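As recorded in TrEMBL:
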BINDING   R97, G126, E149, N251  S-adenosyl-L-methionine binding site
COMPBIAS  204-218  compositional bias 'Acidic residues'
REGION    202-235  region 'Disordered'
REGION    256-284  region 'Disordered'
Amino acid sequence: MSVTNHIRLEEEKKVPPKLNKYMHARNPYRTPPSFKKLASVYPEFRPYCSYDVGGKVHLDFKDPKALRALTTCLLHQDFDLKVTIPDDRLVPTLPLRLNYLLWIEDLLMHAAHCETSDVIVVVDIGTGASCVYPLLAARKLGWNLVATETDNINFTAATTNVNNNDLQDNIIVKKVDDKTVLQGVLDDADIHKQMYLKKKEVNDNNDDDDDDDDDEVMSELNNTPSDTPCKHTDGDDNKSMKYMFDFTMCNPPFFSSEEETDSMKKSKKQRGEPISSPTGCIHEKVTTGGEVTFITQMVEESHKFKSKVRIRSTRDGQGNYRT
């Protein structure tokens, strides 16, 4: 056996095969977190821990409160993020969320040829109460994000989480209508102006020669009233940076009705016990027409802004990422 293969096998032994199969190579949770260490540091995590005769710490993944405590403590320990998640809202699974972000980073670096010095602007559709994708992306990757949300409780919680972590300069949380997905976001003049200024600052530092074009675009943005659709959203104009938004991402509601969620629970029981308890309110699980209708609408709206978005993506109910 070669030295390289030996090292690879040794690395794989450190992580359970089920996790190893799906974990991104740069995902820190390829090495599972130490519950014992977490319990020693975070008193709020201890009540959900149990200990076997060998002193190993166990967690009941069927308990939503335990999942919430685990997630919020890991966010603080590993990313210095203070996050509050209301009791009845979705608790994000951090390894999966990081996988999505790292996959985006790979696409931007290797397929879109972005540089590490570029200002990256990402739109997170339906950010949820935790606002987890924007918080992780801003803190870990230094990106700028527009986080959309239709639900009042989620919007308030997401805004609070952004403010509590002093990430207002990197993250815009926007309340949107539940009848649209991207319209009213990708053509929002205020959002365009803020993100344009961030990109322009880097371009200016890199001695970009398009000063006249930049001045013309800024003049138009300054003269566009708030909440008015921005003209620089359609067509292939060369006056502004070609892509105002580098990526759109989404973790949509999967089901079309409460009955469908119940039938899914029954089918899961036939396949065996789930690893963890499902969390989240009905709004976060159900949408009219289910994920197919939602994603179809997102694709149709994306087409209107094709010249302003570099890459469009979503995650589906099977855990696949689609662009």
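Including glycine, each Cβ sits where the backbone N, Cα and C put it.
Just so it is clear, the model here is predicted, and its values are computed rather than measured.
Long-range neighbours of N251 (S-adenosyl-L-methionine binding site) (same chain, six or more residues apart, CB within less than 8 Å of its CB): Y100, G126, G128, Y133, T314, R315. Sequence-distant neighbours of E149 (S-adenosyl-L-methionine binding site) (same chain, 6+ residues apart, CB-CB distance under 8 A): G126, T127, G128, F155, A158, V173, K174, K175, V176. Look at E149 (S-adenosyl-L-methionine binding site): DSSP puts it in a strand. Taking a C-beta cut-off of under 8 Å and a sequence gap of six or more, R97 (S-adenosyl-L-methionine binding site) has these contacts in its own chain: V132, Y133, L136. If you draw a 10 Å sphere around the CB of G126 (S-adenosyl-L-methionine binding site), it holds 24 other CB atoms from the protein chains shown. N251 (S-adenosyl-L-methionine binding site) falls outside any helix or strand according to DSSP and counts as coil.
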